[in-house]
Amino acid sequence: MGPGETLLAGLLVMVLAVALLSNALVLLCCAYSSKLRTGTSGVLLVNLSLGHLLLAALDMPFTLLGVMRGQPPSAPGACQAIGFLDTFLASNAALSVAALSADQWLAVGFPLRYAGRLRPRDAVLLLGCAWGQSLVFSVAALGCSWLGYSSAFASCSLRLPPEPERPRFAAFTATLHAMGFALPLAVICLTSLQVHRVARSHCQRMDIVTMKALMLLADLHPSVRQRCLIQQKRRRHRATRKIGISIASFLICFAPYVVTRLVELVPFVTVNAHWGILSKCLTYSKAVADPFTYSLLRRPFRQVLAGMARRLLKRTLRPGSTHNSSLDLASMVHQVLKRTPRPASTHSSSLDAENDSCLQQIH
């Protein structure tokens, strides 16, 4: 292995470890709390984390071996099975993120009618369609013998067939990425735009209330007034920043690999192995970003993690000083999780949190 392969292998090991830990934590939180797993968003999150966990456990290790050894698994049929899982899970992850964005739009745009518009059984039906679409493409690739070891990506996935089959393979690849990348991206952008409009209207109403309160209370301390104005400016950009992060993470993780796959179809183009492996690592990094973007940094998950930490520490309590130190450690864990910045919730916006604290200081 050269220095480039060593760096890529180290990056892949780090992505693999974080993906396993973070997605396992999400599933553990959902198993611990019935509120997290019974709702519509809970079904979608469990599906997304389960897919990422399977990708990290069954696909990433073989890509790591391919980077280190430069050859496919020796077992007969193993590479085809891994390629089937790779195609299936990657497409399912993109479609699951699109389903989460649609669920967020329904929750924010129609809060009073949300429970009747998208019920848990509707979410299961939606996920069944996503799994069915992913399964169709995976079975088609397997049936056409287009799955195998690709040296450009050091992984078992789609590989270039012989020259007579190139036109069919090009049409299949273009359709796969149109349905598994372009369509989810369009859904994410459209739903995020609608969520952003609702968030802006909420911010405008909060700004009006804040400015009226500041105008009525002329004897308000200057520091409190300044803090309210600073929070008002932050609130204006918060929704844009959070929506931009979700769209940017989708593009950064999937776009390089998709573009590389499409460029690979050009006859006179040869994909650089280092770039191919790096683009593959970026697709794997989506399994790291999604648990934090949609789950672990949200308040309900932080509360469940704090409760699990307190319960675990109480089981290890001992008499005397150990008892007090364990209680102190539990309170410290709770405070750290409580102070962690929270991103946009799947079902409700946290845009009025700072406004409430500001109005409390005014009163």
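Just so you know, glycine gets a Cβ as well, placed from its N, Cα and C.
Per TrEMBL, the features are as follows:
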type	residues	note
COMPBIAS	343-363	compositional bias 'Polar residues'
DOMAIN	22-294	domain 'G-protein coupled receptors family 1 profile'
REGION	341-363	region 'Disordered'
TRANSMEM	6-32	transmembrane segment
TRANSMEM	44-68	transmembrane segment
TRANSMEM	88-112	transmembrane segment
TRANSMEM	124-149	transmembrane segment
TRANSMEM	169-190	transmembrane segment
TRANSMEM	243-259	transmembrane segment
Folded-back contacts onto the transmembrane segment (124-149), same chain, C-beta under 8 angstroms, at least six residues removed: 43-44, 47, 66, 71-72, 79-80, 83-84, 87-89, 91-92, 95-96, 99, 155-159, 161, 165, 168-169, 172, 175-176, 179-180
Range from 6-32, 88-112, 169-190 with the greatest count of C-beta pairs under 8 A to the transmembrane segment (243-259): 169-190
Average pLDDT across the domain 'G-protein coupled receptors family 1 profile' (22-294), rounded to a whole number: 86
